[in-house]
């Protein structure tokens, strides 16, 4: 898959360069999960594509800029950053192929709005990329990034104060589904938070058998004082299928019970 991804990066970038006709820095996102991303950079230099970022030269400041740039583009909120030196395909493992990399690398301060704004520093021919591996960055969500869950109840018309908890996540293109409880965490605190966010004074937890509908989050754990389920720790269950069109796949099975409440 990595080899296919690398070839895709090259084909996309070359197409853009031939149309715009000038040297430019580009980023591409290979998403296995909307909040776990890998980013790659390349530049069109002297008639051919060369990678700008060798894994040997990854710096936290550069990674911060890259992740925040992609977060803004995809509307997914702020990121925490960790660097990674994973290999990217097998195209440039041979150190003799260091001409696949440029003689420059990023020297971001960390406050720039995009990589285009970062200064570049020169590296010698022998230090272009001894490992031969293209740089990657894992971008992960900050603790306060997910403030986009809207809660409602799936209820009978004559029992609107009781129902299965439904969650809609606007960060994932409005994908909606249920709450799975695998660890037995769904209790009084969680029910209180959900019901108060819906305008009730209190809530009582209910658990029902697993539903055939999609599940969006699981294992919600509230203190009971939160204003909404957004503020409660939880685990996302949906996976990204296409980052550009923001399509996501959410499982229809829950290895536990489905969360429900009675509000009053």
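In case you wondered, yes, glycine gets a Cβ from its N, Cα and C as well.
Positions annotated as disulfide bond by TrEMBL: 108-118 (among others). Counting only residues at least six positions away in the same chain, the Cβ atoms of 59, 61, 62, 64, 65, 115, 118, 119 sit under 8 Å from the Cβ of residue 108 (disulfide bond).
In the three-state DSSP scheme, residue 222 (disulfide bond) is classed as coil. The Cβ of residue 222 (disulfide bond) lies under 8 Å from the Cβ of 189, 190, 192, 193, 229, 231, 232, each of these being in the same chain and 6 or more residues away along the sequence. According to TrEMBL, the feature disulfide bond maps to 222-232 (among others).
For 54-140 (among others), the entry in TrEMBL reads domain 'SRCR'.
Residues annotated as domain 'SRCR' in TrEMBL: 151-264 (among others).
According to TrEMBL, the signal peptide annotation covers 1-21.
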Summarise the domain 'SRCR' (151-264) by DSSP state, stating how many residues are helix, strand and coil.
16 helix, 50 strand, 48 coil
Within 10 Å of the Cβ of residue 232 (disulfide bond), how many other Cβ atoms are there?
20
